[in-house]
Amino acid sequence: MAAGETQLYAKVFNKLKGRSTPSLLDPLLGMGFPAHTALKALAATGRKTAEEASNWLHCHCNDPSLDDPIPQEYALFLCPMGPLLDKLQEFWRESRRQCAKNRAHEVFPHITLCDFFTCEDQKVEYLYEALKRAGDRTLHAFPSALPLVLHSSISYLGFFVNDSPADIIREFAVMFATEASILAGRQPWGHGPWREDTQVPIQKANCTVKPCTKQLHLTLAHKFYPHHQRTLEQLARAINPGHSCQWTAALYSRDMRFVHYQTLRVLFQYKPQNVDELTLSPGDYIFVDPTQQEEASEGWVIGISQRTGCRGFLPENYTERASECDTWVRHRTYTFSAAPDLSSRKDGELSSRRDGEPNPPSSSRSLSSLQSLQVTGRSVLVVRHGERVDQIFGKSWLQQCTTPDGKYYRPDLNFPRSLPKRSRGIKDFENDPPLSSCGIFQCRMAGEALLDSGIRITSVFSSPALRCVQTAKHILGEFKLEKKVKIRVEPGIFEWTKWEAGKTTPTFMTLEEMKEADFNVMLLTCYQPRLPPPGVAKASGHHKCIPPDHSEALIRGILCACPDSGLGVILVVGHGSALDTCTRPLLGLPPRDCTDFAQLVRKIPSLGMCFCEENKEEGKWELVNPPVKTLTHGSNSAFNWRNWIQGN
């Protein structure tokens with residue numbers, strides 16, 4: 001940090017130190033932390049205690065951005081508490097389970113009062129003062145109950161706040177915005193610009209807070225798929241807006257650098273094996289920029305740790321997607337008086353608008369009645385293959401295990417014991433690699449877990465890639481079905497090659513060769529494949545990764561081939577792309593764009609699963625939790641004892 005900026009923060013501290021109330025800065029400065037980093041730590045932890053700020057500073061000792069004068073972003077929300085919040089959270093869970101995640105799930109239930117704005121670290125306390133002043137002035141006029149009216153459109157569902165109560169809330173937001181802009185916009189150390197002997201100009205930094213003066217609303221669902229609208233409306237009608245509720249105005253902050261990043265939550269501990277890897281602890285949050293992952297190999301991502309501020313590689317299967325608001329910091333709140341229980345009131349009337357035209361509300365159903373109507377039929381389990389050998393040993397894996405006379409040998413225990421015979425020789429394995437030894441073990445573990453879950457596999461479809469046929473065989477082996485259930489080799493499941501430049505369709509083993517290698521595959525005399533590989537099929541357009549008609553015809557063809565599966569499971573073994581292309585047509589979702597598709601495929605680990613169930617009563621398919629847990633493990637690098645001895 002420049003000398004002028006350091007002197008500026010020192011002068012700010014001297015002014016704050018002169019206040020009558022004890023400053024949280026005192027103990028931090030007493031520990032030897034510079035004023036600018038101490039203020040940054042206080043802002044990042046919500047200015048709660050000096051101990052929290054001290055812990056934050058110790059964790060961020062290697063943070064390359066620690067000295068950067070980047071302020072936090074702040075926003076003011078009106079949040080429900082009590083029974084109404086319980087009902088809203090129940091809606092959040094059920095809507096995500098039945099209709100998948102939408103934009104509303106990224107944030108807790110709230111009414112936005114002021115959009116995000118920036119405020120310098122040393123002026124955050126002025127925001128707290130502005131909240132208290134605005135709250136005190138509005139407290140007696142604040143409505144005892146908010147009239148919430150349910151509104152719906154093709155991509156939005158939520159409660160609108162109408163009439164005079166909405167005007168009072170807007171006045172409260174305007175008061176806060178005005179007070180915050182005045183208090184935090186002024187310079188706490190004097191009037192006008194100030195320069196030191198270094199002649200470094202210090203300009204007045206404005207804090208501009210914009211209140212929300214348009215229609216106040218509490219969003220229930222946003223940017224969902226149109227065919228989910230009816231289900232979401234039915235779930236929303238189960239919420240009685242007249243439930244007793246205490247409303248709290250809450251001031252939150254977030255790190256403005258990561259607004260457009262993905263947020264991951266760490267599930268398992270990880271100790272770095274290389275200097276460019278992150279240390280992970282359960283509960284950590286990692287910010288990942290999806291557009292900056294070119295350097296990351298398969299199964300890994302580059303991210304920035306919220307806990308330490310450091311950047312590095314991490315195994316993606318040690319994490320799960322988190323919500324946007326999980327990393328927000330709650331600073332101060334102002335609670336208004338609790339409302340009386342209005343449960344005797346009727347549910348909020350649904351004003352459903354499509355293209356601007358009002359429609360009469362449809363008949364409502366309770367949440368319990370919706371659940372009782374779910375009658376399941378067929379199920380489709382889509383599984384990605386296990387770890388393949390080139391994933392571990394690279395593109396030159398075949399050269400590593402081939403003798404000068406063209407024979408296979410096992411240079412590492414993670415190479416398979418042997419390779420099946422192919423008419424054209426070992427060369428064809430280069431673009432059609434087998435599973436590694438660990439990959440075979442993964443498949444057996446997954447098969448064992450599926451057996452323990454109680455599911456019944458009635459049909460199996462596999463990509464013609466050797467690694468997929470092997471995966472299907474080892475899963476069936478745990479069910480003792482490898483001789484009873486035949487594997488139907490479906491070329492249409494093979495990953496589409498046009499989205500990856502320079503990749504061509506490999507030469508697969510013939511069904512006769514698979515039969516000789518002890519794979520219980522169904523010959524062409526018994527099963528005719530539905531489609532050729534999508535990389536060979538003529539694409540209907542270049543803007544999609546998988547031609548829409550291909551995906552639709554493939555999964556419908558598989559279902560038509562299994563009309564009597566009953567309550568059994570149709571197992572589809574393919575590639576990472578199959579988890580998307582074999583489920584979206586069932587759910588009525590459109591194909592993804594190429595950019596989204598490529599990023600998605602890269603993130604799917606070995607033995608990743610998607611599970612779809614048919615709801616016969618509703619006449620639709622639903623994505624549900626797979627019958628088994630995920631499989632997570634760490635890497636194990638090669639060891640050369642000779643180099644180790646010489647190195648010591």
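Glycine too: its Cβ is placed from the backbone N, Cα and C atoms.
As written in TrEMBL, here are the features:
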type	residues	note
DOMAIN	19-60	domain 'UBA'
DOMAIN	259-324	domain 'SH3'
REGION	341-371	region 'Disordered'
COMPBIAS	343-357	compositional bias 'Basic and acidic residues'
COMPBIAS	362-371	compositional bias 'Low complexity'
Would you list the DSSP helix, strand and coil counts for the residues of the domain 'UBA' (19-60)?
26 helix, 0 strand, 16 coil
Counting each residue once, how many in the domain 'SH3' (259-324) are helix, strand and coil under DSSP?
4 helix, 26 strand, 36 coil
Across the domain 'UBA' (19-60), average pLDDT on the 0 to 100 scale:
88
